[in-house]
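Colleague: Handing you this structure, nothing more for now.
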Amino acid sequence: MKAIAVEPGAGTPTLIDLPVPEPAPGEALVRTLRVGVDGTDDEVIAGAHGGVPDGDDRLVLGHEAVGVVEDANGTDLEEGQYVVPTVRRPPPGVETNVYFERGEPDMAPEGEYVERGIVGAHGFMAEYFTSPADCLVPISADLAPVGFLVEPISITEKAIEHAAATRSAFDWRPESVFVLGNGSLGLLTAAMFRTTMGYDRVYCLGRRDRPHPSIDILDELGVTYIDSRETPVPEVPEVYEPMDLVYEATGYAKHAFESIEALAPNGVAALLGVPNDWSFEVDGGRLHREMVLHNKAIVGSVNSNRDQFASAVDTLAGLPSWVIEDVVSGVYGLEEYERAFSDPTDDATADDDTTIKTAVEFSNI
């Protein structure tokens, strides 16, 4: 079978041949339909994040997948059933651990998990993959063409759930929401806040010039676009309004601290971006004081569990179809898989790029 893999330091993915995997007891064989590409894939390809499986010299990419059960292999799944795989698995040689037993692999610390297509385990960018049946979340046939969006939406499901949990000790009624980042994850999240969650006052930060497809989506949704070059995050409360909930999806390290200043009293910021090391000065005393005197909170969030995947399926079904169509910039077959990935040699900057979300198609739906 064909697969898309990367070798450490290579900087570009390649198409390779691998044998079709054999499902172990409790596993199903899945025929891959489509696999999404996101910023994590770019980081893995660049060697800035992740790692190959033990004893291997390359990593099969892909963690945002949708497929169809080819061989149920005695599990409760049915052949022909559409499924989306979760990402985390126990480390090699470990059948399970307390985090997986609790159904909370997303809360496992480093060393207690591997992530398919990211670190320590091959991903889903292959014509077939195997997976434990309990790591496969059913999805309807009508959602299968965009099922690769379930994983990123599940990331937001968890972040919102955990942010709300920090406010559960009192009667918290958020009205204003601020999404930092107008990439694919930020756009999907802004769409969730406006449509399936029903927020009226939603703002989204970016640094792109009009016209741009991402800003067009925000305008159509009724989300206020804020250009960070004109209004930096700390100035947002004065120019617009203080925010009850800030959702950070930029990976820009200063935003972790600036989010505190953007929050309204009793607000919470959820941080999802993963920045590189960066030293800079902050007024720690002022930020500490802001959090204490105004009951503010910050929560970090990574990965998601099966329940959040299931919620993401429902959310995806509730999003307007036009949003999905506009977010997905292109789906490319194996003969042109390179087009789905960012080109590190391209002179065009991210600000000029009109691509929002891409995917590789391995099999017709």
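Every residue number used here counts from 1 along the chain in the order it is shown.
Placed from the backbone N, Cα and C atoms, the Cβ positions cover glycine too.
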Colleague: In Swiss-Prot, the residues E115, E151, N303 are said to bind substrate. Which of T40, T224, T231, T358 is said to bind at that same site?
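Modeller: Same substrate site in Swiss-Prot: T40.
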Colleague: H63, E64, E151 show up in Swiss-Prot as binding Zn(2+); which entry in D17, D38, D106, D200 does that record put in the same site?
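Modeller: The candidate from D17, D38, D106, D200 that Swiss-Prot ties to Zn(2+) along with H63, E64, E151 is D38.
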Colleague: On the three-state reduction of DSSP, what should I expect for T40 (substrate binding site)?
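Modeller: DSSP call for T40 (substrate binding site): helix.
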Colleague: Would you mind ranking the binding-site residues L272, V274 by how many other Cβ atoms sit within 10 Å of each Cβ and giving me the lowest?
Modeller: V274
Colleague: Cα-Cα, whole number of Å: H63 (Zn(2+) binding site) versus E115 (substrate binding site)?
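Modeller: H63 (Zn(2+) binding site) and E115 (substrate binding site) have their Cα atoms 8 Å apart.
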Colleague: Mind telling me which of the binding-site residues T40, N182, S184, N303 has the densest Cβ neighbourhood, counting other Cβ atoms within 10 Å?
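Modeller: Output for this query is N182.
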Colleague: Using the recorded Zn(2+) site (D38, H63, E64, E151) as reference, state which further residues of the same chain have their Cβ within 8 Å of the centre of those residues' Cβ atoms, listed in sequence order.
Modeller: V35, G36, V37, T40, D41, G62, A65, V87, G117, F148, P152
Colleague: Any idea what the Cα distance is from S184 (NADP(+) binding site) over to D38 (Zn(2+) binding site), rounded to a whole Å?
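Modeller: So the Cα of D38 (Zn(2+) binding site) lies 8 Å away from that of S184 (NADP(+) binding site).
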Colleague: What's the longest C-alpha separation between any two of N182, G183, S184, L185, R207, R208, L272, G273, V274, S301, V302, N303, the listed NADP(+)-binding residues, in angstrom?
Modeller: 27
